[in-house]
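Undergrad: Take a look at this one; I'll ask things after.
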Amino acid sequence: MAEPVNLIFYNKVMDRTAIKQLISRLIAHFGITYTTHILDQLKTLGFQQATFGAISLGIDDLLTAPSKSWLIEDAEQYGNLSEKHHNYGSLHAVEKLRQLIETWYATSEYLKQEMNPNFRITDPLNPVHMMSFSGARGSTSQVHQLVGMRGLMSDPQGQIIDLPIQSNFREGLSLTEYIISCYGARKGVVDTAVRTSDAGYLTRRLVEVVQHIVVRKVDCGTLYGINVNNLSEKKNNFQQKLIGRVIAENIYIDHRCIAPRNQDIGALLANRLITLKTKQIFLRSPLTCKSMNWICQLCYGWSLSHGNLIEMGEAVGIIAGQSIGEPGTQLTLRTFHTGGVFTGDIAEHVRTPFNGIIEFNENFVYPTRTRHGHPAWMCHTNLFLVIKSKNKVHNLTIPPKSLLLVQNNQYVESKQVIAEIRAKTSPFKEKVQKYIYSNLEGEMHWSTKVRHASEYIHSNIHLILKTCHIWILSGNFHKKNNDLSVLFYKNQDKIDFPISLTKEKNEFSFVKNKTQLNLFLFHFYLYKKNKIFIKSQLTNNILNKINNSKNYNFILQEYNIKKKKNFYFLKNKNLTCPLFLKIKKNGVLKNNEIFAILDDPSYKVKNSGILKYGNIKVDLINQNTNFEDPQTKLFRPRYSIIKEGNFFFIPEEVYVLTQSLSSVFIKNNKFIQAGTLITSNIRSNTNGLVKIQKKGNNNYELKILPGTIYYPNETYKISKQISILIPPGKKLFNEFECKNWTYLQWIMPSKEKPFVLIRPAVEYKISKKLNKSTLFDLLKKNKKVEIKTINYLLYEDDEQIQIINEKNIQLIQTCLLVHWKKKYFFKEANVSFLKIKTKNNFKTFLQISLIEYSNLEKKKEKTISKNVLKKNYYDHFFSISKNELKNKKQGVIRIISNQNNGMQSFIILSSSDLVKTFKFKKLTKNISIKTNTNTSTAKFFEFNKNFKILNKKKKLNLTKKNFSIGLLLFKKLGFLGNLHNIVTNSFSSFYLINYTKLISNKYSIITKFQHTCQNPKWYLIDESKKINKLILGKHINYNLFNWCFPLFSLLKKKIDFQTIKLGQLLFENFVISKYKTSYPSGQIISININYFIIRLAKPYLATGGATIHNNYGEFIKEGDTLITLIYERLKSGDIIQGLPKVEQLLEARPINSVSINLENGFEDWNNDMIKFIGNLWGFFLSTKISMEQGQINLVDQIQKVYQSQGVQISNKHIEIIVRQMTSKVITLEDGMTNVFLPGELIEFSRTQKMNRALEEAVPYKPILLGITKASLNTQSFISEASFQETTRVLAKAALKGRIDWLKGLKENVILGGLVPAGTGSQEVIWQITLEKKKEIYLKKKKEFFTKKINNVFLYQDTFSIFPTTEIIHNVLKESISQNNKNNFSI
């Protein structure tokens, strides 16, 4: 053993990776047995040290990194900045979401990276740190959620929620964060269970495909292999690909063979091949193995658990299936739309090496936007950059299609990102639609960058040509569905309050095409420091006044009004009971509408019963006379009595029982006496017959029908009798006579003799005396209006009336209603109370007022009939004022010029309801205002009437009223009424001009002009309704102006002007004055001398290619779809991840996009296909190459999914699965059909042998089968039936007469035979038998001489007596070929 001094001592932390490397080196040098003892000692040592250290995990050990606070604060500031830019209209919704997601993603990742260094510095023995860093329990991501931040979550649809969880589990989550956390719990209990079950089923399918593949041969003799190169692979990945594989072709370096064929590759040879940078290495692979139903030792390579070539008889198929399926539980299950977390097509960032100024040629770049909405330059071709500092010059070359993030001649700092270079191979993307919804109600406007013509006919979809803004101007849309209304005021009229704005016309005409009125009432807000928002108030008033009309008023003089408990009654001496008044709150009556009701007590009943009509006649009238039933609280119609007569009421007792029939003491169709106990708490009040009827679930209706039972003798007449009313004095059954009205009801029990029940009936008569119209004959002089008295019956014939809560029921009501004939043009009547004092007594009367239209003009011709008069005059002269819109605020009418379909829209501009923005607060020396170069030189004709022109020696007399400086100047000016440019400055440059001539120019404030004024005309309206013309001047005599206004000397002599356009759309916080910039976004609708008024608006940025869902000038409601943005999203790594992706590949399901890079693919195809053109075998070879390339691509795609999740799987396992997926071919219809049926699936190796044996080849084409379908198309029908579709597989095998040769593992297990793998393999059995024979033979030879001879000739004797491995394989080969011949003969 070596001395301890010479041993190498590794002083480093042994984490999970280091332990893996140590175990690998131990196995490579000492083997598994020795390594096991070493690992047992390490385990014991670890437990001992953990016990001595008393390591435990407590909640106090969860320490948050101190950098978290400022990291989150920095991210929040960046998020607020993005929100501001979005409000300014600089970013659209997708760019804002990308910025937000990437900011919080970077913050979370940086905090995760800071976690371990923080633990290492502050508390290296922290249990959480040791647990996660060593890999004993928990990953870095899990610990990050405990002590860092939870981060971004996804919603149930897979979209990233833009509200990150800033807290961790140690700090505790808020309610909102907890709900979001529940949404984004990707590895919850449900997901884990589903993922485990999916991975288990995937493993079962994989094992089902390859369960029969066993190593049964050393070398299959193939000359093919797969090519691996060292160009695009990383060193570690390429080394893992090489170790454990066997070389298929000799590898030469400078004509010297460094690795022969059939040599396995170890770690030393792999490192040597990587160091020498060997371009192409051909490796033997299960994909190219020539064996049919098994695999050879050299094509498989090493056993990963032993580090040597695989042993004979090893079931490598099952190992491969379990190796791929078991890590499925570690893969993600769901699909996530990250929305731009990964940059994707950006390969690298270019950073500056030092501080300096950057220079480049601007002709080779053009402006564009980054994916975050930032301005950038796109390179046409290769762009040369020069970075200059004082002592250094650095040159850079930026490739085309790259983004340049800096300006020319800009100062850049060291390590600053100045460019983003795109990757050569662009990742797969998909176009996604993002719907933007309006969060403001108002009117839509856009610029000329939108195609105003709709994309389709009769559509409101408009395409955005270039990046532009869509504006929603705030407002509330008020639409009138009635007829055309008249707007009384014109544009720019001032209105006071309260005043009518509109009136609605009701035209008596037959015109069909009537337009509608749309009132567009804008919501403006008063923006103050305390941010109080006041909405404008507009009210709708119902007016009953009609122009040029006559009123008809009359009073019910004989009736006094009395009030009892909030009810009003009409009392009269001749009435036994008062009239109850029924009037609406607004006091309006329509024609034939009831206004008073009389309930006669003689028509009230106290008992339940049935109503029967006699000889009266009733009529169901309109719904205006519906009344509320006091019993059921439901509205029901009244029945007007049109002919006097009588009706009858038949009393009975009715009880509703909610108990079962067992609790009822009496039986059905039995006669009981008064006072009989019905239930435990109900007794009957009268004698009568009991009738019980079921009404619902456990509900019964019990009736007691009062009367006398009579059994008639003449039974033959019973069937002809019906239930009828018998008048008094008539004999019943020729035996007795009734004195009162009687009701005969026949009862026919099922088991007893029929009988008749003689029931009493109460008669009610209605005569003309009930109609008290004489009492209301009040309008004898005026025949136009009358009050009608109508009797109403409240129940219909044969209706059952039930008493509830012992309340009496009214049967008849007498109602009063107002009636006028249609020839009089009355529409409504107003009812009011009139209080009159007579002899110190106050009496209240009822007054009814009617309004008649009198604006008809009669024509002179007497021959015109009434019908013609109505038709002609009603169409042209009649208008009734129905609705008015009244304004409660003072303001100005402004009519919108955009008219659609004849609809009217107008705005009321009120100074108290708008944003009033003052231009400046105070005067200082540093007033700076921007200039407008387009302002033309103007001339002033006269300053004012009060401005007096004096001689040189005299002073100028100026009135303070007209020329007070500051905010008092031109205080009386009103709103402007134009839509063109207007120029203002901090001081007043507005002047009122009256049309008088200029007397002298010597001492005028304005110098002489050179050009005439080219500005448009402006008008101001003052309070005296005087219109003044406005002209703008720029050249001013400063000396005279300073003399007039001393404060003017504070300013510079050069005054700059700033242009503000009336109607201009301004973004939030636009700069007008340096004293205030916190303005909301909106449209300037009015400009005064000291302030301007802004209509609030919201801009939405939209990029080219997006679509707008409404027309220009239309009204948008809050929440309506406004814009559809089109943006690109990564598809390959984002949309389908983990287990679904693996399952999609293994099941050979088609995908939407191409799975390889087309650009490089076509170049490779062009190079490979040149040698096949004109070759008879060209199609065959190209098909073979494409199939081989498809196999390699499928292996790479599956491997990428596992590598992206951090799972390492050897390629040979995946290659075994793919080999079985591509081992079948499908026969074609061309050629021979007597051997195989067209469309039949057969093995590829079997097809090749058949084509060599037959004269005419069988045409076929390769096919890629999924693992499920491949499992159902094997040589063993027992294996197929045990997997899926047992009945179908067995029936199909029976019809075909299939024979199972039991070559696989599964069919032997099912039948209880020896498994042909491991010790059950034929090769292994023969070798074991051979060893036993050797031992027996050697034991018999014990003589010394014989042993010496045997030692000398041991090789020859052994060779001659016992078979070698080659002999065993030859014998097996002959037996296998014999089995194949038997299969073929069958």
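Cβ atoms are placed via backbone N, Cα and C, with glycine included.
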Undergrad: Record says C289, C296, C299 bind Zn(2+). Source is Swiss-Prot. Which of C220, C257 does it list for that same site?
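TA: My reading of Swiss-Prot gives C220 as the candidate in that site.
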Undergrad: Can you tell which of C220, C289, C296 has the most other C-beta atoms within 10 Å, given these are the binding-site residues?
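TA: Of the binding-site residues C220, C289, C296, the most buried by Cβ count within 10 Å is C289.
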Undergrad: Let me know the DSSP-derived helix, strand or coil state of C299 (Zn(2+) binding site), please.
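TA: Assignment for C299 (Zn(2+) binding site) reads helix.
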Undergrad: Specify all same-chain residues, apart from the site residues C220, C289, C296, C299, whose Cβ lies within 8 angstroms of the center of the Cβ atoms of the Zn(2+) site, ordered by sequence.
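TA: Counting only non-site residues, the set is K217, D219, T222, R284, P286, T288, K290, S291, I295, Q297, L298, Y300.
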Undergrad: List, in sequence order, the same-chain residues at least six positions removed whose CB sits under 8 Å from that of C299 (Zn(2+) binding site)?
TA: C220, T222, V246, R284, S285, P286, T288, C289, S291
